[in-house]
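Take a look at the structure set out below.
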Amino acid sequence: MVAPLDGPLRRAILLRHGQTAWNLEKRWQGRTDIALDATGLAQAERAAEVLVRDASIVSLTYSPLRRAAQTAAVLKGAFDLRGRPLRRRSDERLVEIDTGQWSTMLHSEVHDAYPEESAALARGEDIPRGVHGESMADVAARVRPAFDEATAPLAAGESALLVLHGAAMRALAADAVCLTHGQVAHTFTAIGNCRWIVLVGDDSGSWRVEQWNAGAGAAAP
């Protein structure tokens, strides 16, 4: 049985960056520093239109990779226009999973060239991506301290906004709510570009999922 949250609540909004050309091509990006495409910029603007109406958001922390930093810049601009400047900083720990030898490869190419590793992933095994890259457990260990630092200053009723990447945010969410990567993969859908996860926490450090793959408009298929 899951214990209920106790006392004053705070929120963390984990936002995935907008679309890149490599997302569209289904290419492994990892740490490769790809910019948003025109669709990704438009997605960021739509997300900003929704999130700027959330009066609880007081801070913005983001991955320094361009696709996340550009998304964060659009959000910052929207909040500034509303006269709501946010506490803002870039955090290297929020970068995407290291995909090793798979970086720049199409998903189909990885499936053909690395059949054993692809089969292991399909079975839900948390192996290092691209032979010498990171596992999701590695990512969670890296990202969680950044999350804790971003949420620690929050007062009751306040929210922290973090802009990061698909694998990084799933690893973080799993760690925050005490689920394995496999449990998250089988329980929740993938996160679309410029869509978000909302976590609600209390002073004990316990977190629960309030929203998953939320966003402006319908999720992409």
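The backbone N, Cα and C atoms fix where each Cβ goes, and this holds for glycine too.
Feature annotation from TrEMBL assigns substrate binding site to Arg16, His17, Gly18, Gln19, Thr20, Ala21, Trp22, Asn23, Arg67. Applying an 8 A CB threshold to same-chain residues 6+ apart, the list for His17 (active site, tele-phosphohistidine intermediate) reads Leu36, Gly40, Ala44, Ser63, Leu65, Arg67, Ala68, Gln70, Thr71, Val163, Leu164, His165, Asn193, Cys194.
Reduced to three states, the DSSP call for His17 (active site, tele-phosphohistidine intermediate) is coil. Under the heading active site, tele-phosphohistidine intermediate, TrEMBL lists His17.
What TrEMBL records for Glu96 is active site, proton donor/acceptor. Same-chain residues at least 6 positions away in sequence with a Cβ under 8 Å from that of Glu96 (active site, proton donor/acceptor) are, in sequence order, Gln29, Gly30, Arg31, Ser63, Leu65, Leu164, His165, Gly166, Ala167, Ala168.
Annotation comment: TrEMBL describes His165 as site 'Transition state stabilizer'. In three-state terms derived from DSSP, His165 (site 'Transition state stabilizer') belongs to neither a helical nor a strand segment and is classed as coil.
In the shown protein chains, 29 other C-beta atoms lie within 10 A of the C-beta of Arg16 (substrate binding site).
The Cβ of Thr20 (substrate binding site) lies under 8 Å from the Cβ of Gln29, Ile34, Ala35, Leu36, Asp37, Gly40, Arg67, each of which sits 6+ residues away along the same chain.
Most buried of the recorded positions Arg67, His165, judged by other Cβ atoms within 10 Å, is Arg67.
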